[in-house]
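Colleague: Submitted below is the structure of interest, expressed as structure tokens.
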2 protein chains.
Amino acid sequence: MENKPKITIVKIGGNIIDNEQLLSDFLNDFSELKEAKILIHGGGKTATEIAEKLNLKPLFSNGRRITDKAMLDVTVMTYSGLLNKQIVAQLQALKTNAIGFSGADGNVILSEKRKNSEVDFGFVGDVISVNKELISMLLLQNITPVFSAITHDGNGQLLNTNADTIASEIAISLSNAFDVNLIYCFEKKGVLSNSEDEASVIEEINFEKYSILKEQKIIHSGMLPKLENCFKSLSNGVQNILIGNQNVLKNSTIHTKIKL
Amino acid sequence: MENKPKITIVKIGGNIIDNEQLLSDFLNDFSELKEAKILIHGGGKTATEIAEKLNLKPLFSNGRRITDKAMLDVTVMTYSGLLNKQIVAQLQALKTNAIGFSGADGNVILSEKRKNSEVDFGFVGDVISVNKELISMLLLQNITPVFSAITHDGNGQLLNTNADTIASEIAISLSNAFDVNLIYCFEKKGVLSNSEDEASVIEEINFEKYSILKEQKIIHSGMLPKLENCFKSLSNGVQNILIGNQNVLKNSTIHTKIKL
């Protein structure tokens, strides 16, 4: 299996989405990748801003955010509409033949509404399956799929889904056929040993080190599910995972490499 | 050229989009078509309602509506986001493997910003070309493309484009390879000889009859560009064109047939 084709799968977060210049620079780097590639994007502040303008009040239950019908609509409009199409149009201008996808398009990501006895999270979906045949077919045609963090339940219901998880599930689904390079871009240069110090990037984290860093509470809150996604991906065939900022596609950049 | 495969291309307007039950019934009929099929949808009232909630004032110049940046964003969110993804999710539930497209996705509809010496219409695009190779490839894979009325200029700019024209241009582009059946669904049962009387559907209109009806002002305003799109399509290889309401896919329904 040494001659599997390479693919780079990049997830970008709000800090890039929200900044026109960062997004433009990032898309430029992304479009220059020669191998097959996939982009997954979150939503950034736009959805929150539009929800505020529409006078929607964020709902919480037991301190957890709830996606009600009105908020789901705003999320679908913003993620799968405005942001996804702006990214696709910019990639087309860079001669990368992108097609934007929600999970409903081509039944590409099927999910189920999150069940939880204590909290009803509303229209939030957990991934059940990825249509890797369709994605592979598109990649063979030199098409670059661009995913927003919206999925569907197969019964006509759209669902809001974590973009990190979508990236991880897509990476896993393609790891049989491709040598997968999975990259998470966020606001820091990598996983930091001191959250106040951008110079404290940890170069490499394996599962043992992760357990220690977690125990010591050096890694906490949002970084925990992100790293657990990474280990799940590595355990399921993904070859290579990096966490870094918008410059992570530039070879010389500081970043954190995740290993088993 | 007698054994070209059949394709049905349907454009649905605001009256169907705005009514949940009509849309659901229509998508049911559409999903039962056995041949290759494409759906093009307009926007209905949703974009206007959202623009109002966001306190955007419609802009006019010399009596013509102008699409400024803020209104374009609302249009992209609504057409390519909310409506397109809701339609795609519903078609998936009906086992029709739909993929939603703006013109930017797969560079499928390239347009140019409308130039007019008297009025600047803003971010409105006129179709330059259709990527028929991509559409044909998807149709061969049994995929049903669903187009919103948003295109791009190839330089990163999204543009608002007339949905009737998109339907017509797609139909023309596929007419070499397919026996094309183009259907325009709107709020009436067909072209009426008396706009007050739903029973006055004109069964068939050819170019000669059109010229007379236009002269007599029986056909006027919005129906003129719609019919001109039809004649352009027929002159460029489209086989069959019908205008009717949401029941037009049911064989027995009253409608208007357009001929050269």
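Cβ coordinates come from backbone N, Cα and C, glycine included.
Annotations per TrEMBL:
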type	residues	note
DOMAIN	B:6-245	domain 'Aspartate/glutamate/uridylate kinase'
SITE	B:Lys11	site 'Transition state stabilizer'
BINDING	B:Gly43, B:Gly44, B:Arg65, B:Asn160	substrate binding site
SITE	B:Lys226	site 'Transition state stabilizer'
Colleague: At a 10 A cut-off on CB-CB distances, which of the recorded positions B:Lys11, B:Gly43, B:Gly44, B:Arg65, B:Asn160 has the highest count?
Modeller: B:Lys11
Colleague: Would you list the other residues of this chain near substrate - those whose C-beta lies within 8 angstroms of the C-beta centroid of B:Gly43, B:Gly44, B:Arg65, B:Asn160 - in sequence order?
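Modeller: These residues sit around the substrate site: B:Gly42, B:Ala47, B:Thr48, B:Thr75, B:Tyr79, B:Ala149.
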Colleague: To the nearest Å, how far is the Cα of B:Gly43 (substrate binding site) from the Cα of B:Lys226 (site 'Transition state stabilizer')?
Modeller: 16
Colleague: Would you measure the largest Cα separation among B:Gly43, B:Gly44, B:Arg65, B:Asn160 for the substrate site and round it to whole Å?
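Modeller: So the binding residues stretch over 16 Å, Cα to Cα.
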Colleague: Note down the number of other Cβ atoms within 10 Å of the Cβ of B:Lys226 (site 'Transition state stabilizer'), including every protein chain shown.
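Modeller: Total other Cβ atoms inside 10 Å, all chains included: 21.
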Colleague: For B:Gly44 (substrate binding site), just give me the three-state DSSP call.
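Modeller: Coil, per DSSP.
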Colleague: Which one is closest to B:Lys226 (site 'Transition state stabilizer') in space, judged by CA to CA distance, out of the recorded positions B:Lys11, B:Gly44, B:Arg65?
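Modeller: Result: the closest of the recorded positions to B:Lys226 (site 'Transition state stabilizer') is B:Lys11.
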Colleague: Can you tell me the CA-to-CA distance separating B:Gly44 (substrate binding site) and B:Lys11 (site 'Transition state stabilizer'), as a whole number of Å?
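Modeller: B:Gly44 (substrate binding site) to B:Lys11 (site 'Transition state stabilizer'), Cα-Cα distance: 13 Å.
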Colleague: Between B:Lys11 (site 'Transition state stabilizer') and B:Asn160 (substrate binding site), how far is it from one CA atom to the other, in Å?
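Modeller: Their Cα atoms are separated by 16 Å.
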Colleague: State the three-class DSSP label for B:Lys226 (site 'Transition state stabilizer'), counting H, G and I as helix, E and B as strand, and everything else as coil.
Modeller: helix
